[in-house]
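J.: Structure provided below as structure tokens; questions to follow.
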Amino acid sequence: MANTSDLGESNPSLQNYALTASAVKLASLGLIICTSLIGNVSLSLLVLKDSTLHKAPYYFLLDLCLADIIRTTVCFPFVMISISSGSIWAYSLISCKIIAFMAVLFCFHIAFMLFCVSVTRYMAIAHHRFYSKRMTLWTCVAIICMVWTLSIAMAFPPVFDVGTYKFIREEEQCIFEHRYVKANDTLGFMLMLAVIVGTTHVVYIKMLCFVYDHRKMKPAQLIPAISQNWTFHGPGATGQAAANWIAGFGRGPTPPTLVGIRQASHNVNRRLLVLDEFKMEKRIGKMYYMITLTFLVLWAPYIITCYFRVFVKGSPIPQVYLTAAVWLTFAQAGANPIICFIFNKELRMRLRACFPCCVGTQTPMEPYCVI
């Protein structure tokens, strides 16, 4: 039987097609690497630099960015080398197992982290008092350590199993070897991944149901204000009382506290979820749900391929579909920063404030005085 080189020499059109395919793969993967590094590094620096972003949701986001940076710098260059070498692994078996271990580790890491984030988002909306009291920096550190521990526990056992982690030439990467179910060692890992992603969406659906169940607020009861010498007070009082007193219409002491107005509080231990905080938590929850949905959409074609290999013996999978599915999983590493800046207004505002040279200049407003 003729080998690939013989076929390439005997068929110039096939050889040109292979060269074109390799060039497209290298160019697309290079674009993914640049996008991932620029986006994740920028977002990480933004979270570290801006003290207003030192909150639980952004600590988790920082962890996701660092994981994507490590995956991009460690795993993707070996894929580019294997493509340039003609879809072969030019290194030792141990190094292949290490790269495969890291690829699986980061996959389970983002799945576990998104699940934990979904739980904290639900707590922030449904149990905000408990969330504000318990979700401290050390709690976030404990959650992040737990996620990494679970991810290592899921990715480490196949290292000792001969033949589980190997170089898959069709995918041009070191990863799980998904075999038929009767001789398969990876079905449990795929089922665990599917359960985690499914449970995460269930938590978001539950949070959405809670928001819609509590969206109808009790109408405010209008109570008229009480007037004594132009000093209005009571639940129905407005800022006009203070204006009248400053203008000299009021007599006597300073008007009492206007109960009808929400006073500005500087107490950092306040636990009530007001409207502005609710909108912020809802906006962050929407951002994380879009990250979760993007993870599902980009990994779904490859997961379907893995299940097809497990349950259908000798299943022929088109090479074009398999390559596209693998490259979608690579693209997930650079998708998170784009989603964050699109769906989070606060991050965009902080980006303009911290890096004004990167987002364009704004015309400064000149001071003016009233004559």
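Glycine residues also receive a Cβ, built from the backbone N, Cα and C atoms like all the rest.
According to TrEMBL, the protein carries these features:
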TRANSMEM  26-48  transmembrane segment
DOMAIN    39-340  domain 'G-protein coupled receptors family 1 profile'
TRANSMEM  60-83  transmembrane segment
TRANSMEM  89-115  transmembrane segment
TRANSMEM  136-156  transmembrane segment
TRANSMEM  189-212  transmembrane segment
TRANSMEM  288-312  transmembrane segment
TRANSMEM  324-343  transmembrane segment
J.: Residue list, the transmembrane segment (26-48) vs rest of chain: Cβ under 8 Å, 6 or more residues beyond ends.
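T.: Those are 54, 58-59, 61-62, 65-66, 68-69, 72-73, 76-77, 79-80, 83-84, 327, 330-331, 333-334, 336-338, 340-341, 347, 350-351, 354-355, 358, in sequence order.
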J.: By a Cβ-Cβ criterion of under 8 Å, what residues six or more beyond either terminus of the transmembrane segment (288-312) are in contact with it?
T.: 57, 64, 107, 110-111, 114, 117-118, 121, 176, 178-181, 184, 186-187, 190, 193-194, 197, 200-201, 204, 321-322, 324-326, 328-329, 331-332, 335-336, 339-340, 342-343
J.: Which sequence-distant residues neighbour the transmembrane segment (136-156)? Criterion: at least 6 residues beyond either end, Cβ under 8 Å.
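T.: For the transmembrane segment (136-156), the nonlocal Cβ contacts are 54, 56, 59-60, 63, 101, 104-106, 108-109, 112-113, 116, 120, 189, 192.
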J.: Restricting to the domain 'G-protein coupled receptors family 1 profile' (39-340), what is the model's mean pLDDT?
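T.: When the pLDDT values over the domain 'G-protein coupled receptors family 1 profile' (39-340) are averaged, the result is 81.
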